[in-house]
Amino acid sequence: MASVAPKIAKDVTELIGNTPLVYLNKVAKDCVGHVAAKLEMMEPCSSVKDRIGYSMIADAEAKGLIKPGESVLIEPTSGNTGVGLAFTAAAKGYKLVITMPASMSIERRIILLAFGAELILTDPAKGMKGAVAKAEEILAKTPNGYMLQQFENPANPKIHYETTGPEIWKGSGGKVDGFVSGIGTGGT
């Protein structure tokens, strides 16, 4: 067990990243090599999507596209990206409007609302296309509105190039022979 006391973060976004790696000894018991997993459930909101929520907001800020207290962030989502955006938006002082199909879990809705996001549910029969269309409609009517566009935003996968990849490389001592990951928007 580590005996060094952690520093106190100035806000929750400083806790994103640097998640541990652990060997899966039982899974790889009869294997020649080692299998390790990156424990992204150790992120502040228990998801790898915390990284991309932060990355897309920080990138838009750095480009001067949004400002806390002025800009209204709008995003269609069906999953944890919305949670990552909601907690980052709350920490940084942004209003966030999330559109999502009404078929998404009540637990996810409660978390989004707890972080202060405005939640607009769309027809589940229209899937994500319906949520995207509703977000675009809201954007057109919202002064200072900005859509992060997780499906097209280079800051989404870029955070893994900048942080997750180097963390894996460093944590493994540069001994990575293979890598397995699920991919949706590229933010996983």
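Glycine too: its Cβ is placed from the backbone N, Cα and C atoms.
What Swiss-Prot records for this protein:
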MOD_RES   LYS49  N6-(pyridoxal phosphate)lysine
BINDING   ASN80, GLY184, THR185, GLY186, GLY187, THR188  pyridoxal 5'-phosphate binding site
Three-state secondary structure, which DSSP defines for LYS49 (N6-(pyridoxal phosphate)lysine): helix
Three-class DSSP secondary structure - ASN80 (pyridoxal 5'-phosphate binding site): helix
Cα separation, LYS49 (N6-(pyridoxal phosphate)lysine) to ASN80 (pyridoxal 5'-phosphate binding site) (Å, whole number): 6
